[in-house]
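Asks: There's a structure below that I have some questions on.
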Amino acid sequence: MLEKEECVILQIEEFVQKLVSVTGKDGVSVNEPMANHTSFKIGGPADIMTYPKNSIQLVNIIRECIKSNVPFMVMGNGTNLLVSDMGIRGVVIKIYDNMAAFKVDNDTIELEAGILVSKASKLALEYSLTGLEFAEGIPGTVGGAVTMNAGAYIGEMCMVVHQTEYMDREGNIITITGDEHCFSYRNSIIQKSKGIVLKTRLKLQKGDSLKIKEKMDEFNFKRRDKQPLEWPSAGSVFKRPQGYFVGKLIDDSGLRGFGIGGAQISDKHSGFIINRGGATCSDVLALIKHIQNTVDEKFGVQLEPELRIIGDFN
């Protein structure tokens, strides 16, 4: 008679074979270290990771997970994630340059979810389209950026997104247009419903390529000048509370440069936590909690994390 652990292993192997039938052998890995897939360089192993080559494979993987009652999550470039040291149970579906097709039609760009936002910005420049300059330097994928209404400096994705095709948690494909996205600060109906973006259409305007390039260079310089790009991080840790700047609140709390374990508040920008080497998820969570408590005690402001905290915390 098989032991319980042996049964679980057999079940995993059987499910892996189902996924391999969708993606091919090169599209599935087992016990994949999440630290290799996040900009924070933190995180234990995912039980299974898949790499769909197109939206059809993505849809079939998700439907297979739903049918087999296997938990799953979708990630892009891993630039806004803090993953548990214990890893992630179930399936992680990685959408990156394996799903990065695009199509330009006059002032509209249609993008698959895996294309980088910065690449989309450069595409707009190539076709002399203005409106996406703010996205130069945003490190994530278009799918993630639309989901969370990512933004920088003077712009947000809600200003340019016209239409999005996404999949809900039941496996249905839904198309939404304009206000149906229900965009708000770092949020959307897709994020609220835990949907998965397949592709999106951006509505831009014809512009002067030289002026577009000047704006992009300006934003890129500001980013490099003010953000700790030389260290692993997950970008801005906290959402901006109304009427305040996160970095100033942390600075005025006397926390600039403070660290726990391998995690440290950046000396360059206090809104960032960096991995100084060997940082664990536990280090980062402890530091986040310390920042929240200190800022709340001093200013009565509750800081809400902007990064996604995911994985097995049992």
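Note that Cβ sites are derived from N, Cα and C of the backbone, with glycine treated the same way.
Straight out of TrEMBL:
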type	residues	note
ACT_SITE	Arg186	active site
ACT_SITE	Ser236	active site, proton donor
ACT_SITE	Glu306	active site
DOMAIN	41-207	domain 'FAD-binding PCMH-type'
Asks: Once the chains shown are all counted, how many other Cβ atoms turn up within 10 Å of the Cβ of Arg186 (active site)?
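Replies: Around Arg186 (active site), other Cβ atoms within 10 Å: 18.
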Asks: Looking only at DSSP and grouping its letters into three states, which state does Glu306 (active site) belong to?
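Replies: DSSP call for Glu306 (active site): coil, neither helix nor strand.
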Asks: For Arg186 (active site), what is the secondary structure state per DSSP, taken as helix, strand or coil?
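Replies: Once the DSSP labels are grouped into three classes, Arg186 (active site) ends up as coil.
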Asks: Looking at Cβ-Cβ distances, which residues of the chain lie under 8 angstroms from the residue listed as 'active site, proton donor' while being 6 or more apart from it?
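Replies: For the residue listed as 'active site, proton donor', the qualifying residues are Val246, Gly271, Phe272, Glu306, Leu307.
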